[in-house]
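Undergrad: Below: one structure in structure tokens.
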Amino acid sequence: MLKNYFKIAIAVLLRRKFFTFISLFGISFTLTILMTSTALVDNILSASYPDYKRDQMLFVTRMTKKNSKEGWINSSSLSLYFIKRYVSTLKVPDKIAFYSFGNSANSYVNNKKISLEFKFTNDVYWEATEYKFLEGKPYTRQQIDNAEFVAVISERTKKSYFGDAAKVVGKYIELDNVNYRVIGVVKGVPRTNRNFFGDIYLPYTVSKTKNEDQGLMGNFGVALVGKSKADLPAMRSEYEKMLSKVPREKDYDKLYAHADGAMEGLSRNLFGNDDSAGFGKMTAILSGVVLLFMLLPTINLVNINITRIMERSSEIGVRKAFGASSKTLVYQFLIENIILTLLGGILGVVFSFIAIYVFNQSGFTPDFEGSLNFTVLSIGLGLCLIFGLMSGVYPAWRMSRLNVVAALKVN
Amino acid sequence: MFRHLFKLIWNKRKQNILFLSEILVSFLVIFSISSMLVYYYLNYRKPTGFEYEKVWAIYYSNPLKTKDKDTLATFFGQVRSTLSALPQIKEVSFTGSNFPYANSNSTSGFTYQGKKYNRINYFQVDQNYDKALSAKMVEGRWFNKEDGIMKSNLIVINATLKENMFGTQPAVGKLIGDDEDKNKSKIVGVIEDIKTGGDYYPAGPGMYKMLDSASYEWISVILIKVTDNADAVFESSLSKLMAKSIPNSNIGISHLTNLRESKNADTVIPVVICSTIAGFLIINVALGLFGVLWYNINQRRGEIGLRRAIGASGSSVASQLVTESLFLATLSLILGSFFAIQFPLLNVFDLPSAVYLIALLLSVLFIYILVILCSLYPGRQAAAIHPAIALHEE
């Protein structure tokens, strides 16, 4: 039976090539857009280089002080003081890595300017993450305590600063009039990974601004790493208990510094606020956008399908006259439609591969390696089926109500 | 004629409802994209209000642990004279972190004659700011050195704020109050609008206040205007000089031209992505419309043949079909415009109403052109139907 339907479907598709082209164009194009964006978002959100253990991590990157009476809000990253005095007392996390954000400085080589984003980190940073060292190794606890002027640089920094030199470990890199000895070169991280992106990594003790301030705000962030995913709730509750004991500063009655997983962090940034992570809101808004985006090609497809089906009214009339039930006919047309959308889906996957390849190669975000993995492909397949059903049900229903006599009379 | 058309459409309402909804959704997509484009284009046409070429921003961190105002003022006074002494530097201006194209902004508000003015860009600058940016005064004067010493409450406002507050009346000499109408400030000048957010955003209302000696504690940017022969070699030596003059500080130098490019790219890239997607959607819709119209006309061969047989000319048949599609499109557009007009009425995104109205006109025009293009070929095909053959088939 299915084989028959399949044969009919192919024959019908080949008969009206123009309509088939329009349908395939709409389906494959819509899927390409949806799958490409899913692949890009998936790359940003799911565990990838260098923090493969992202599911076991909680990030604290932002602190907000609020005076709820006057409406004053003061918000920034964390201070080193807060991290050392409070966060480092936590017992549950296996590792506590901290790092600074968004410091950039210019370096001048052969009268050419290179802008480098540098990150101060502790030694645990290198244990919490799995950077790929192309050369050398990270700095140790000892080197941090001695405030040695050593640096780990990214592959791109190596290329722009040292040119084609084969080995650079042991050479010096100058930043703000200070010479740092290069002790390691790592594979680059894309800028989209804000927590771990850097052009050059330095021991936090060499910072010129000695970070002696006793305030809570500064430009550091913390990653708490549990032994396994199961540690997250315990880590969170211990962190919250600790946070509630942090003395409130004068003039401010509320203090927020959330320990969020990677996904929550993103949704809180985009759609949430200090009281809620906005996860539900993000899901609702995103699905709304996807639905709206799919609406136009779907209506178009429904239109085309109806045209196609009505054209075959004589065939339907004959089959009905010979006793085919409406249900059988509806099945047949749904299957035809799903075959069509799956064909479009395959084209969509091919186009998505091309689009992602172009995006990776474009140098738009260096070191970014988006890819179509199993998750993305299955989401694409799911969307394809929804798409096929959405655009197939209404025409099939319209067809099934066709009056036999009327259908036969037309011809 | 129209009553007749309406009857034809009404008879096939079931088939038409999909056609109508397709045009409606396309219209809404086009409307949102064109609102965005019109908004950016209108802003783009306005002058920048200053010269960004050859202006560099030096960022530094303040390493001095003292909070003593005089010490700080003396220290940074020395930095200023060190910089001004360089032949490649024409102007030196200390400023708050919200200089043009920086990723920082600061707003304020006040009440004037019972009316509240909110979200006014607030800039803290020094006496050389206008010269460093080659900005022009519309009225009155810019700050001079004495203004800083005298702790007087003088402000300069920009042309947009002046227009909002005083219309065509002169603004210089007027007194305005701060948040609670206390501490009156005197307007000494009106400066041309400076588009600080890149080429695609309006300058918005703005006010400028002179830095006083207490501010040196927290400001961290110096704008310099350099001569034509300032190159990378000079930049490198400038960076070393700064590191020497402000020891233990992190020094960064950026060019306003580069900052401007990245600001503009932030705006342009999403627009290009959205427009490309919308463009493909529209191609999709156009092909769909074309296919459906083509099919419909083929279905109506009998009717058309009959009309031709009783004397209708080919062109009148074609124009009937085109008019029919346009009539259908109009029905959708009326409904779509009803939704679209809510944006300026409810002031949804705080954009000027003119933006929405222009966008509305453009999208209506666009849809009509799309429908005409999609129905022309099927219409011509219908006109070519030979009455004898069509009636014979029947």
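Cβ atoms here come from the backbone N, Cα and C positions, even for glycine.
The domain 'MacB-like periplasmic core' annotation in TrEMBL covers B:85-231. Taken from TrEMBL, the feature domain 'ABC3 transporter permease C-terminal' applies to B:276-387. The transmembrane segment annotation in TrEMBL covers B:20-42, B:268-296, B:317-341, B:353-377.
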Undergrad: With Cβ distances under 8 Å as the criterion, find the stretch in B:20-42, B:268-296, B:353-377 that has the most pairs with the transmembrane segment (B:317-341).
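TA: It is B:353-377, which has the most Cβ pairs under 8 Å.
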Undergrad: In the same chain, which residue numbers or ranges, 6 or more beyond the ends of the transmembrane segment (B:268-296), come under 8 angstroms Cβ to Cβ?
TA: 15, 19, 22-23, 26, 29-30, 33, 36-37, 40, 200, 321, 325, 370-371, 373-375, 377-378, 381
Undergrad: With a Cβ cut-off under 8 Å, give me the same-chain residues at least six positions beyond the ends of the transmembrane segment (B:20-42) that come close to it.
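TA: Same-chain contacts beyond the ends: 200, 267, 271, 274-275, 278, 281-282, 285, 288-289, 328-329, 331-333, 335-336, 339-340, 343, 351-352, 354-356, 358-360, 362-364, 366-367, 370-371.
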Undergrad: Per DSSP, how many helix, strand and coil residues does the domain 'ABC3 transporter permease C-terminal' (B:276-387) have?
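TA: Helix, strand and coil residues of the domain 'ABC3 transporter permease C-terminal' (B:276-387) number 97 helix, 0 strand, 15 coil.
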Undergrad: Per DSSP, what is the helix/strand/coil residue tally across the domain 'MacB-like periplasmic core' (B:85-231)?
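TA: Taking the domain 'MacB-like periplasmic core' (B:85-231) as a whole: 22 helix, 53 strand, 72 coil.
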Undergrad: Take the domain 'MacB-like periplasmic core' (B:85-231) and average the pLDDT across it for me.
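TA: Mean per-residue confidence for the domain 'MacB-like periplasmic core' (B:85-231): 85 out of 100.
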